[in-house]
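Undergrad: Got a structure for you, questions after.
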Amino acid sequence: AFLVVTASWADNWQRAAMPCPSPLTLLRDSLRGQREHEKDLRILVSNLPYEGLPKTKQPNRYFPGNAVKTTKYSLWFFIPMNLYEQFHRFANLYFVGLAVLNFVPAVEAFQPEVAIVPICVMLALTALKDGWEDCRRFRSDRRINHTSCRVYSRKVSGFVERHWKDVRVGDLVEVASNEIIPADLLLLHTSDLNGVCHIETASLDGETNLKRRLVVPGLNTQDSSFEPQNFHCTVAVEKPNDNLNQFKGYIETSDMKRLGFGIDSLLPRGCTVRNTDLATGFVVYTGHETKSMMNKNGPQYKRSKLECKMNIDVLFCVILLFSMCLIGALGHYVWLESLPSVPLFLTPGSHGHMDSNPLSGLYMFFTMIILLQIFIPISLYVSIEMVKMGQIFFITNDVDLYEEKTDSRVQCRALNIPEDLGNIHYVFSDKTGTLTENKMVFRRCSVTGTEYSHNENGKSGKCKFPDRKLLQRVLAGGGDWDGCGGIRRCEATDLYLDFFLALTVCNTVVVSTATTARAQRQRVWHQSTSEIDISAQRCYVAESPDEAALVHAAKVYGFMLIARTPNSVKVRLPHGVELNYQVLDTLNFDPHRKRMSVVLRHPISGEIVMYTKGADYTVMDKLIWACLNTAQKNVAASTQRHLNWYAKEGLHTLCFAKKVLSESAYKNWSLLRQEALAAIDNREELLMETAVNLEKQLTLLGATGIEDRLQECVPDTVMALREAGVRLWVLTGDKAETAINIAHASRLLDQEDLVIHMNTDDKAVCKSILDRSLEEGRRHTRPGYPGLSIGLVIDGHTLDMALQSDLVDRFLELARLCRSVLCCRVTPLQKSTVVKVVRERLKVMTLAVGDGANDVNMIQAADVGIGISGQEGMQAVMASDFSISCFKHMKKLLLVHGHWCNSRLSNMAIYFFYKNVTYVNLLFWYQFFCGFSGTSMIDIWLLIFFNLFFTSTPPIMFGVMDRDVSAETLLGLPELYRTGHESEGYSHFTFWIAMLDAFYQSLVCFFIPYLTYQGTDIDIYTFGSSMNTVSLFNILLHLAIEIKSWTLVHWVTMLGSVALYFTVTLVYSATCISCNPPSDPYWTTQQQMSEPIFYLVCVITTVVALLPRFTYRVLSNTLAPTPLIRARHLERLDPAIREQWIKEWRGFRGGPQGGRSYQKQTQEQEPSRITPTLSITNNHLGTPTRSAVRHHHNVEL
């Protein structure tokens, strides 16, 4: 503690004693710092030799500090900055402009001081909210910036405590277990002898499994105690970026040797160190340049389709407003021209003489804009935001969308597009982990051309039962073993031994003790890919479920993974002997190569062996075909045949191979690999090239088939979406046979469907295929033709050609004829490209759903992105708009909540347009009787309160809680979802119908009271008060007609609005004598309510105004009911009768009567035999006959 205080005091004293730099020096440093920031390569050195020197002599002074600032405002500039930000909203700018315009005497419509109150209140409330949120951010920043960490100091020759905000680029920082990393650190030393540091990145990417980080390869800091003052290397890193999976650079040692490093050596800020006592790192990025801060984005903002339609209709309202103002200006001019002399009530202006009639008409134009300003429903946007918050609350708290196993529920990250869930036309889905469970079970394997099944594993769901013949062959091979557990003779040519060794070591599975696993399970509520072997007290933690399945399968046959370090892997063989292989290099899996390899040195023979696993076609193509003898070619052919069988059964297939390397060959390749690792430019390309150069001339070992079962209720969900008119596309990297099998099991394809296969390598052939497929598709979709539903299966290479500019229109036309599309062997980039092309060219609403990092681009490209919190981390969830725990929740999320959100917001938006136009038109009609003078017959306070309090709550509750059809009916009749496609709730037609109805009702609400009180001595404010009351009843009862399901909340808000209106008006009339001169509302309401004619006017006016709409609703619901009306009629029937009606309805519309289970389907169907197929390849170009398709034969074009 004394050292810490002394060092801190000395630093502060030296800073205070340093002279202030000149302005020229500051300018020069600023320009030089800007150039340093723009460089693609940053050269960093340790700060220790420069400790205590002025800032101008610090080598890393150009880079920002580690303090973070997420606040928007400062204390002194809060008001101007907040007002500036609020004025970016058109609504605020619109109302402020009209309030300022009202201060101009020539165009004044209301008392200026009163008219400015609403917008001031709105701006003040918003400023208070923004200030409170910014204060919370300030407190959070201060807490983070003042967190303590340990930084090495040369003065005290040890680590001293400093705040995070004082950490700089070039410092050496020490972190201990369970501590949070203060900045992005390059790992130089750990307490682990193998140079490993485990971190938890949940705060960064949402993934809860531990990540392994390694000391910079070749740095040799683990051999002895690490002394930071002896670190004199130069560190070169790339410019900061937000890619969590990319980091590259090199360390240049004192002997000019470059040591390359990547993301495996980076400790990102905000992550937590686990299972590692101490770790020391070199600070490379600080503050807002760290990975975590560059990935901290606010809530995603997407513009919904309904909002786009509303913007167009708001523009129409602006045109109508200007037209009405122009009429008012012309009417005022004509009225002035018709006067024989100047009336006494027209007084001269400040200049002492009367304005000319044209100038008065121009002034009146602006006065009318102020008077009729609420004609544009700006408050609609605020109300919609409140309604969406309420809808999201109900969605996230739906018990049916809660998954008890994982303790997870629906989450919403895009707050402004819930209504788009009810208007989806295309759904793009991943297969593995989205439609399937992503819980792998080892089912089949092929070794040296011999196939071995593991049916018992399929029944139990776990790999516990080995194949007896294969087990006997494994135990019989692999050399002779002496009694002491040593090896006397090892046959290097035993491919069975190599096959299971490849299963055991060719992966990234981490081995830990059961105690560590239990501790990790206590920190994390769910660990998907770890399983504890209680007998051996070991836990296998894998990055993917298929790796865990392979390791457990090898363990069943006696090949047990004992331990793994960055430089070695220990394996126990079937006879109990443990071998410790030296790991020379690991070529990690990537989506381009679709392979993974590990290079080992055999502990006994010393030979260098590379084991490779990957997709079948990526491994088969790398075999030494020219050097294979007849037996080896037969083995390869048998293995390929087995792979095809596995794919048809829906199994995930992997091939395994090996390669023996000579010492010289490996050394030459290793030099190239080190150069690629140390490269900055084109590093990824160079690493890819070195991997491809090594992974060739392989020897085939065998293949595996892993079962990935369908998730619960996937067939029912898929069938419901199909009946709802949603077209489903599955984009997967698996083989076509695997995808087709899953498609049939999930009912994406039916037995009677016509399936078109597209697989070609030639663009001209692809064009011909598309033309002939289009001809066949049009024939089967022709009206009156008893055709079949069409499905399309296309591989990734053919898809690339089909998406080119000259063929994309043909491809999309064919895809529109298909009910389902399967895209196989596609990359993540192709997934996002397909979504963008369909969305932009077909002008449809798209939804993408996935569970892995490879689905992120697809999810972000769609209008609505849904992430599934499955077995592959949380990156898809964090990039999505909505997240669910399993695919079956898609059914209720879209068919129920999507329909409700779309219907509620559509009806509420139409109602808001109607309400504002109806009320504002009362003021407009009055202008015809007051010389278009801009006079209001309603008191200004009551005018303000009408929209602000009296009629604001009921439509919001209508948008939050109204249900046109129950959830049970929507789930039982998925066809009702099609109403969102047809825009029955909100369209330009319904908008203009509402506008006409509003004009009609405003005429009735004005002229019936006018004709009633005509010729009496009633004053204008008493006349306006009666008209105000009539409008309240008319607007609220109009909403009552539109409400489909009455609840207690609806009754309370409706009756509460009426009670609030009369309470406020009565109190206001009784207490306000001269509150707003020249108006005098004193006792006007009490006087009116004492006269029977007032109640008669209210009843007659409301009935006449609402009679057309009520009559239209009655006749349309009786004579021409929509599907939604018919569904509401069904809900009134007894449950038994309702079920019978629903079955008849579905049968009439062609819907299925029920679905079979997945197991029954897989037992009964064989897709290649019973499905009508257009197999389109390069081999034959013919024309299919209708009879062939009708008799379910395979037809090849």
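Just so you know, glycine gets a Cβ as well, placed from its N, Cα and C.
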Undergrad: Of the ranges 76-100, 101-125, 926-950, which one does TrEMBL list as transmembrane segment?
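TA: TrEMBL lists transmembrane segment for residues 926-950.
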Undergrad: Under TrEMBL, the annotation transmembrane segment belongs to which of these stretches: 490-513, 1018-1041?
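TA: From TrEMBL, the annotated transmembrane segment range turns out to be 1018-1041.
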Undergrad: So which binding-site residues out of Phe589, Lys831, Asp855 end up within 10 angstroms of Asp430 (active site, 4-aspartylphosphate intermediate), measuring C-alpha to C-alpha?
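TA: Neighbours among binding-site residues, in sequence order: Lys831, Asp855.
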Undergrad: Do any residues of this chain, six or more beyond the ends of the transmembrane segment (1093-1112), have a C-beta under 8 angstroms from a C-beta of it, and if so which?
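TA: Residues 997, 1000-1001, 1004-1005, 1008-1009, 1012, 1026, 1029-1030, 1033-1034, 1037-1038, 1041 contact the transmembrane segment (1093-1112) from elsewhere in the chain.
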Undergrad: For the transmembrane segment (926-950), name the stretch out of 312-335, 989-1012, 1018-1041, 1048-1073 with the most CB-CB pairs under 8 Å.
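TA: Between the stretches 312-335, 989-1012, 1018-1041, 1048-1073, 1018-1041 has the largest tally.
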Undergrad: Express the distance between the Cα positions of Asp734 (ATP binding site) and Asp851 (Mg(2+) binding site) as a whole number of Å.
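TA: Here the two Cα atoms are 15 Å apart.
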Undergrad: Inside 10 Å of the Cβ of Thr432 (ATP binding site), count up the other Cβ atoms and send me the figure.
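TA: Thr432 (ATP binding site): 27 neighbouring Cβ atoms within 10 Å.
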Undergrad: What binding-site residues in the list Thr432, Phe589, Thr732, Lys831 lie within 10 angstroms of Asp851 (Mg(2+) binding site), counting C-alpha atoms?
TA: Thr432
Undergrad: Whole number in angstrom, please: the longest C-alpha to C-alpha distance across Asp430, Lys431, Thr432, Glu547, Phe589, Lys613, Thr732, Gly733, Asp734, Arg825, Lys831, Asn854, Asp855 for ATP.
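TA: Greatest Cα separation within the listed binding residues comes to 24 Å.
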Undergrad: Which has the fewest other Cβ atoms within 10 Å: Thr732, Asp851, Asp855, the binding-site residues listed?
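TA: Selected from the binding-site residues Thr732, Asp851, Asp855 on minimum Cβ neighbours within 10 Å: Thr732.
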Undergrad: Show which residues of the chain containing Lys831 (ATP binding site), separated from it by at least 6 in sequence, have their CB under 8 Å from its CB.
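TA: Long-range Cβ contacts: Phe428, Asp430, Leu731, Cys823, Ala848, Asn854, Asp855, Asn857, Met858.
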